[in-house]
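Visitor: Pasting the feature list from Swiss-Prot:
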{"type": "BINDING", "residues": "CYS56, CYS59, CYS112, CYS115", "note": "Zn(2+) binding site"}
{"type": "CROSSLNK", "residues": "LYS133", "note": "SUMO2 cross-link"}
{"type": "DOMAIN", "residues": "51-149", "note": "domain 'Mis18'"}
{"type": "MOD_RES", "residues": "SER13", "note": "phosphoserine"}
{"type": "MOD_RES", "residues": "SER16", "note": "phosphoserine"}
{"type": "MOD_RES", "residues": "SER17", "note": "phosphoserine"}
{"type": "MOD_RES", "residues": "SER204", "note": "phosphoserine"}
Amino acid sequence: MSSESPLLEKRLSEDSSRYLRLQKWANMSSADALGLEKERPEEKAAAAENPLVFLCARCRRPLGDSLTWVASQEDTNCILLRSVSCNVSVDKEPKLSKCRDEDGCILEALYCTGCSLSLGYVYRCTPKNLDYKRDLFCLSVEAVESYTLGSSEKQIVSEDKELFNLESRVEIEKSIKQMEEVLTALQKKLREVESKLSLASRGS
């Protein structure tokens, strides 16, 4: 048990940080069916400009995005989306929910079409007090990674600038000069060969 403890603590830490990352965006998202507080205009603009893409944690296929975000559930460690991508397959065999406070909920399991990773479930039948969950896709935070659109923009600009800094320019000019010297030497040898061939043809 003691040898498993560090691994368990590491997994819990990873899951917590992943959930907090998704929850951070949730705090900026629009009000959902649970009656979350409405966001300020600047928060709404920020969320629209930098939406999240949710990826399969195993094969990195896109599963959905934050534009279809409805809510996050801390008790079940999952996020609720209105729709998902074609990379999510639905097992049509209905199952009863085993989660606390979800008695009477009928679910269908969700899997990644690329790697068959279990992603969560979709609510197909719910009691009246949980009607807001019906037909929503519940993705487990453990099975989801996220990518913020535009997050690599600064890095790309930095790389572009790096290509044209003074040091790189000197190296490029040095390489061009070396290539010119090689071409000049090859042209000289080519002329010598052509001259010898010309003399040989005359002698014959």
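A Cβ is built for glycine as well, from the same backbone N, Cα and C atoms used for every other residue.
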Visitor: Which entry in the list of binding-site residues, CYS56, CYS59, CYS112, has its Cβ near the fewest other Cβ atoms, using 10 Å as the limit?
Guide: CYS59
Visitor: For the recorded Zn(2+) site, enumerate neighbouring residues of the same chain (Cβ within 8 Å of the Cβ centroid of CYS56, CYS59, CYS112, CYS115, site residues themselves excluded), in sequence order.
Guide: ALA57, ARG58, ARG60, ARG61, ASN87, THR113, GLY114, SER116, LEU117
Visitor: Tally every other Cβ atom lying within 10 Å of the Cβ atom of LYS133 (SUMO2 cross-link).
Guide: 22
Visitor: Under a criterion of Cβ-Cβ distance under 8 Å and sequence separation of at least 6, what residues of the same chain contact CYS115 (Zn(2+) binding site)?
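Guide: CYS115 (Zn(2+) binding site) has long-range Cβ partners CYS56, ARG58, CYS59, ARG61.
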Visitor: Roughly how many angstrom lie between the C-alpha atoms of the residue listed as 'SUMO2 cross-link' and CYS112 (Zn(2+) binding site)?
Guide: 21
Visitor: Three states by DSSP: which one describes the residue listed as 'SUMO2 cross-link'?
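Guide: Where the residue listed as 'SUMO2 cross-link' sits, the three-state DSSP reduction gives helix.
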Visitor: Quick check on the domain 'Mis18' (51-149): DSSP residue counts for helix, strand, coil, in that order please.
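Guide: Grouping H, G, I as helix and E, B as strand yields 12 helix, 47 strand, 40 coil.
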